[in-house]
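Residues or ranges marked as disulfide bond by Swiss-Prot on the basis of similarity to another entry: 53-68, 58-72, 64-79. If you look up Swiss-Prot, you'll see 49, 50 marked as 4-hydroxyproline. Taken from Swiss-Prot, the feature 4-carboxyglutamate applies to 56. For 1-23, the entry in Swiss-Prot reads signal peptide, with the evidence type sequence analysis.
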């Protein structure tokens, strides 16, 4: 009877350890996929446009992207931020 109890306890312990290891590897895999996606977007310039204002030539505020909060700087002829 004691041997059966010990075997049962050991099996439950081993299964719980395995489940914990699976959970950690799943989190690691998701983090790796997210990091790979970010790096791929940075390298190939795919996905969302960059969230900053580029020095674009402009003649009016309509020529500038939404990230250029100051609009067109008419003195320099380029888009600018505040």
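In case you wondered, yes, glycine gets a Cβ from its N, Cα and C as well.
On its own chain, residue 68 (disulfide bond) has 53, 56, 79, 80, 81 as residues at least 6 apart in sequence with a Cβ closer than 8 Å to its own Cβ. With every protein chain in view, the residue among the recorded positions 56, 72 whose Cβ has the most Cβ partners within 10 Å turns out to be 72. Sequence-distant contacts of residue 64 (disulfide bond), defined by Cβ-Cβ distance under 8 angstroms and a gap of at least six in the same chain, are 53, 56, 58, 71, 72, 79. When Cβ atoms from all protein chains are considered, those within 10 Å of residue 53 (disulfide bond) total 19, not counting its own.
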